[in-house]
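Notes follow once the structure below has been shown.
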Amino acid sequence: MTENMKECLAHTKAAVGDMVTVVKTEVCSPLRDQEYGQPCSRRLEPSSMEVEPKKLKGKRDLIVTKSFQQVDFWFCESCQEYFVDECPNHGPPVFVSDTPVPVGIPDRAALTIPQGMEVVKDAGGESDVRCINEVIPKGHIFGPYEGQISTQDKSAGFFSWLIVDKNNRYKSIDGSDETKANWMRYVVISREEREQNLLAFQHSERIYFRACRDIRPGERLRVWYSEDYMKRLHSMSQETIHRNLARGEKRLQREKAEQALENPEDLRGPTQFPVLKQGRSPYKRSFDEGDIHPQAKKKKIDLIFKDVLEASLESGNVEARQLALSTSLVIRKVPKYQDDDYGRAALTQGICRTPGEGDWKVPQRVAKELGPLEDEEEEPTSFKADSPAEASLASDPHELPTTSFCPNCIRLKKKVRELQAELDMLKSGKLPEPSLLPPQVLELPEFSDPAGKFLRMRLLLKGRVCSATRAHCVEGGPERSALSQPPARRPEECNSAEAAPSWGGSPVPQVTEAGWLEDRGREGIACANLYILLVNKICPICRRAVCCVLDLVFSLGGGAHCCLP
């Protein structure tokens, strides 16, 4: 009796007394034998394990305890049974010995080939092993695989075979060095099951190749992994994964606890937001501006741009306070329903900027009225900007703040309200009271178009402006504002040849208020008056608001839509 058998019996008596495990095997199915010619090995099935008390069976049965799972078995290809020392019917396993060659000799791996086989090297440098003159019987064992044993991460990979040691850890036998390896390194892995004739398995931390069928002369050797070898590696992989996961979770919890102890202030206190530069927002917009579904024009203005317009009007007090500061400006979020007295003060006191200068001029009276705002506590959402223009114009269109901070929003809101009132009158059929005052020209030097081409082309608005207004815009100079020039003729007179007066010549005659309202070109003038504010000088939020107002204007004239940049 061998040492392994004695050790197995000792563990049996110490662990479970007279209770022993009887191992039986199950042969391969006849269909598999017919398909591949000769049967290959089959691993022990759990259903074949039976427990019988107080008796030790004969030589056909293997006696092992349940707790003793590290016993390695040999497999008999003829009986399709596992055994420890020898098969009850066919005796001990048959080994094919290598040709003895000292370690360190060049090309040692090819010289260790057993008799009856040879290593064939192709012209491309690839090597292969084949049987030459004798049939290799089924069940013969080649090996062990020789090479340098190392951990898994140090293995070469292609010529390495994984093994599981006694401590259930991975190791590899690296056969990349031809001076230390043997001929088994040249055996090619089979590409499909029908061409395989060898099965690789592990026994006592060594790798062996077993012939699963007869190998005839001229046939090349092809090896594949045995079923028990693959299951062993798979079970070890699962255990390693679970162990690493449990270990990683414990380490993560420990690191979090240590971090919480080192930085207790992270668990409480307000969140510090990053400081903005150049008026850019670090947060992306959560919606695409072009994906808004078209709705009723009035409802669109009320629901979508109401808060924007209110915030634009109320932001005047914040801007006035910013203009009074000499250092970098701090723009704060203004409450939604705050009183707009400071916005009116900023509008009436004439906050302006010289076109050639970068400094903003604010009268002292306005700065004194805005004094109490400086004592207010700054909100955490405040951010810094270098100038009001950079706060609105330098930012990316896709990274806009939720409200507008451009200095023109107050005047834009006032104009929007006036236009909405006029449109309501047009819609209801009421006539406005004739104005006794001469028309006022809204001077907006910062909205000037030096070339005049952009404004004149945009005022056409896809043909919605009457021909008389179109003539004014094309022939007139950029210094004249469309706010002060109503159309010279009725729409039915705009098609005549002499219907286009010149802005550069004599003054354009005025029309009566009734004629103004009846003129279908009135909607074009309204669009032109409002679109002057959009010549690349206002913030994109205001531009979207004006776009909706223009849609409302066009709806009165036939359902056309506004196309703004």
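For all residues, glycine too, the Cβ spot is worked out from N, Cα and C.
Swiss-Prot annotations:
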CROSSLNK  Lys54  SUMO2 cross-link
CROSSLNK  Lys121  SUMO2 cross-link
CROSSLNK  Lys138  SUMO2 cross-link
CROSSLNK  Lys166  SUMO2 cross-link
CROSSLNK  Lys180  SUMO2 cross-link
DOMAIN    115-226  domain 'SET'
MOD_RES   Ser29  phosphoserine
REGION    371-399  region 'Disordered'
REGION    477-506  region 'Disordered'
Margin query: Taking 10 A as the limit, how many CB atoms besides its own sit near the CB of Lys138 (SUMO2 cross-link)?
Written below: 18
Next item on the list: May I ask for the distance between Lys138 (SUMO2 cross-link) and Lys166 (SUMO2 cross-link), taken between their Cα atoms and rounded to an integer number of Å?
Entry: 30
Margin query: Averaged over the domain 'SET' (115-226), what pLDDT does the predicted model reach?
Written below: 88
